[in-house]
Amino acid sequence: MADLKERLLPPKPASAINLRDSSYRPSASGRLPFQGVDVSGLKKRGQGLRSWIRVDVSGNSQVIEVDKFTMMRRCDLPARDLRLLDPLFVYPSTILGREKAIVVNLEQIRCIITADEVLLLNSLDSYVLQYVVELQRRLQAAGVSEVWQSEGPEFSRRRGSRNFDNMYGNTSPDYLPFEFRALEVALEAACTFLDSQAAELEIEAYPLLDELTSKISTLNLERVRRLKSRLVALTRRVQKVRDEIEQLMDDDGDMAEIFFTPDSRKLEKCLSIARSRHESSRSSESAQDNIEELEMLLEAYFVVIDSTLNKLTSLKEYIDDTEDFINIQLDNVRNQLIQFELLLTTATFVVAIFGVVAGIFGMNFAIPMFDDPGAFKWVLIITGVCGAVIFSTFLWFFKHRRLMPL
């Protein structure tokens, strides 16, 4: 990984004077940095010139510098498709099938896939480097497998006709076209990245939610609010990738546009002599098989991304359940406060009776009962009994109306 990272580092900026001379110097890997590129169409640095990582069908990679208009002519793409790959803008995940290329914008993986090469914007992102490494590994492994399986007719006769059909049949995943392999690695990288993000969110979310149920505080509520915002954003990204794969699976025309490799390559491997009356039927059958291969490929990663979406949906439901539980707890506390306030109000009303009695006896007028020394005691006893009766009556009324669990 370190060697590949050093090899894929963008070259140092060159001045406008020595740009023409430096463009023909070999790179660290020994290859020409502009090999296979229309050098005459390149612009000076700072006028749209960008660094790209190119991976060919053999798994060889190199860094090239191509301007926007040269890339448009090279891949026969409109300018709006190249804007999807611009790292300065945030676009939703998209897979676009064009006449000669596939424009892929899946999370960090932003690339152009043609029939014989993959072009990625040069980046030091770990997922981009992993994509390049994995694509090189699979392409080189596929090349070794093809050489090993084409050693001679004796080997084929020993393996039998059944193995011959498996070797050159359209249902074998080892013989997918180059563009399908590149698209598969991109889908795998995007699904893996999103699934890892969902797993990290789960690890952080469940302990935090359990802590919130045991202790409701402003800090925990703020942490859960930020967590929910991240969950909503991640769910939208996962949902967009899922919808893009599903939309591509549901349209056979879009899947047919993604296949660029000529069908004659497989027919030449399978048959040495082709009959003219069967060419059209074989071509249509081969095209249908290619669509079925791509559909099975997309279906596999649709299941993966759908599983990630289910994880996020389960986490959202857990958050909703936690919020409902917290609301129930808060409602219970609120009800207890209301009950306490009701008891306090009733007790205040009873105590106010003593104030009324004291106010009456505090008036400045002559009453014969004031001359009796024991009158004050009986006033207190009668007032207290009346207050207790009134308080008990209120409690019975609250219980009868089920206003309090008494």
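Each Cβ is built from the backbone N, Cα and C atoms, and glycine gets one as well.
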Range annotated as coiled coil - as stated in TrEMBL, picked from 56-83, 224-251, 252-279: 224-251
Long-range neighbours of the transmembrane segment (342-366), counting only residues six or more past its ends (CB under 8 A): 379, 383, 386-388, 390-391, 394-395, 398, 403-404
Reported mean pLDDT - the coiled coil (224-251): 92
